[in-house]
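Structure record follows, encoded as structure tokens.
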Amino acid sequence: MFEIQDPNSIQLNSEGQLKHFITTEGLSKALLTEIIETADSFADMSAQQVKKVPLLRGKTVVNLFFESSTRTLSTFELAAKRLSADVLNLNISTSSTSKGETLKDTLQTLEAMHSDMFVVRHSDSGAAHFIAEHVTPNVAVINAGDGRHAHPTQAMLDMLTIKRHKGDFSPLIVAIVGDILHSRVARSQIHALRTLGAAEIRVIAPTTLLPKNIEALGVKVFTNMQAGLKDADVVIMLRLQKERMQSALLPSESEFYKLFGLTNEKLQHAKPDAVVMHPGPINRGVEIESAVADGPKSLILDQVTNGIAVRMAVMSMSMSGQMTEKNLKSEAQ
Amino acid sequence: MVTGTLSVESLLDKMVSELKTLLIHRQIDDPLIIGIRTGGIWIAERLHTALALESPIGMLDISFYRDDFSQIGLHPKVQASQIPCATEGRDIVLVDDVIMSGRTIRAALNELFDYGRPSSVTLVTLLDLQRRELPIQADVYGSTMSLSPNQQVKLSGPDPLELEISQKD
């Protein structure tokens, strides 16, 4: 684990613009809205025959994945390519003992290749923050998931998906269901939803999969699925993080499905026009019934599409923030 | 030194008549009008009405195509471009309020071509400030104007459309 200081001291430049994207925590409503709106205009680009803009032309983006991921890596890669950047994908196993030093060595090697942006995924909380602290100036760092800490682009693509289907956040009841304890996605979603002013944020999970003091984040806690889903506008299912389960926190997957798996029957308790989301990959028959995942209320594939747009938005905004800072510094000299 | 506002109605009349003549000369009977956000769209709407065209108006936001991203960064309020029908093989009338360096039009042409290969592009602007940095010229313009370096001109609208000339801060 790395220590995490005040995130905004590192992710914003002196003008208050994004220069790294490490976490949704502490970012202003205006900035989160700007990310959503910028992403929204990138999403509409799909009408173009050539689905590419020249914003990051000549820039090199390195996807630095210390933890495997198919959909996050491929959407980041596609996002960078649609911004006309050159992209390098690196999958690095985390077998080493002195992680901090190894990271620094890896960074120096990549910086020598004149990279302009690192997209980092790591199993340790705080890894992206650590890298942002140690990169050379004018290199942007985007967090693509760090341990249990944050997965801000996933949270923002979920916000874009909600915005595109529900419009305004203020009347919404949003229920997040499943393995909250191990979920960096849930944490980032809760921060974003609170800042964007959702009326009520609920977490629904068995006690063993809830972090201590989760109420401090401003959420209502439910251990009964039916009660928690009552009148919800948005239901976000989380993946059961089997690879993160260190001990027997669950009696069995089938028991979990019986109590917390999303079925059409349980979904009856939510509002009639409720939408269902899931960050993927889904465990069918563990968190969610296939009939729901493939049903008319499911936005799971919209989320993937919106993921590209959100990643294009934070990449271009962070690069823009870095360049603004660079120009301000050279003016001051 | 000139400051103040200027009505654009007479300029628009002149542009409509010149554009009509030009389209006939070029044998274009169903052009697709595309305005560049924001002022260009207002002018495009007026031309669209005056020419009684059937194809809806397209709107272009060139923020993602600007050539000064590394100098000034991303424009904070980017709106999506809306091109309502296929541009492939169409005769485009591209409209902006002011042409100065020509860089906006360069960006607009690049974006336009990402939607498909138009048959032709005719450029119409309300004002030509005659300070070109690129070899791009308007086919039809309302008026030329020479401003001193510390003056700027801005179109306000959409109703009424007015040109305002002011001192830079």
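Just so you know, glycine gets a Cβ as well, placed from its N, Cα and C.
All annotation found in TrEMBL is predicted automatically rather than curated by experts.
Per TrEMBL, the features are:
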BINDING   A:Arg71, A:Thr72, A:Arg121, A:His151, A:Gln154, A:Gly280, A:Pro281  carbamoyl phosphate binding site
BINDING   A:Lys99, A:Arg184, A:Arg239  L-aspartate binding site
DOMAIN    A:19-163  domain 'Aspartate/ornithine carbamoyltransferase carbamoyl-P binding'
DOMAIN    A:174-317  domain 'Aspartate/ornithine carbamoyltransferase Asp/Orn-binding'
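Feature annotations (TrEMBL) mapped to structure.
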residue: A:Arg71; record: carbamoyl phosphate binding site; CB count, 10 Å: 14
residue: A:Thr72; record: carbamoyl phosphate binding site; CB count, 10 Å: 23
residue: A:Arg121; record: carbamoyl phosphate binding site; CB count, 10 Å: 24
residue: A:His151; record: carbamoyl phosphate binding site; CB count, 10 Å: 27
residue: A:Gln154; record: carbamoyl phosphate binding site; CB count, 10 Å: 28
residue: A:Arg184; record: L-aspartate binding site; CB count, 10 Å: 22
residue: A:Arg239; record: L-aspartate binding site; CB count, 10 Å: 19
residue: A:Gly280; record: carbamoyl phosphate binding site; CB count, 10 Å: 18
residue: A:Pro281; record: carbamoyl phosphate binding site; CB count, 10 Å: 11
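Within 8 A of the CB centroid of the carbamoyl phosphate site residues A:Arg71, A:Thr72, A:Arg121, A:His151, A:Gln154, A:Gly280, A:Pro281, the other residues of that chain are A:Ser69, A:Ala144, A:Gly145, A:Val185, A:Pro279, A:Gly307.
When the domain 'Aspartate/ornithine carbamoyltransferase Asp/Orn-binding' (A:174-317) is classified with DSSP, helix, strand and coil residues number 62 helix, 23 strand, 59 coil. The maximal spread of the carbamoyl phosphate binding site, taken as the longest Cα to Cα distance among A:Arg71, A:Thr72, A:Arg121, A:His151, A:Gln154, A:Gly280, A:Pro281, is 16 Å.
Per-residue confidence over the domain 'Aspartate/ornithine carbamoyltransferase Asp/Orn-binding' (A:174-317) averages 92 (mean pLDDT, predicted model). Taking CA atoms as the reference points, A:Arg71 (carbamoyl phosphate binding site) and A:Arg239 (L-aspartate binding site) are 14 Å apart. Checking the binding-site residues (A:Thr72, A:Arg121, A:Gly280, A:Pro281) against A:Arg184 (L-aspartate binding site) with a 10 Å Cα-Cα cut-off leaves nothing.
The two recorded residues, A:Thr72 (carbamoyl phosphate binding site) and A:Arg239 (L-aspartate binding site), show a Cα separation of 14 Å. The two recorded residues, A:Gln154 (carbamoyl phosphate binding site) and A:Arg239 (L-aspartate binding site), show a Cα separation of 13 Å. A coil conformation is recorded for A:His151 (carbamoyl phosphate binding site) in the three-state DSSP classification, outside any helix or strand. Between the C-alpha atoms of A:Gly280 (carbamoyl phosphate binding site) and A:Arg239 (L-aspartate binding site), the distance comes to 7 Å.
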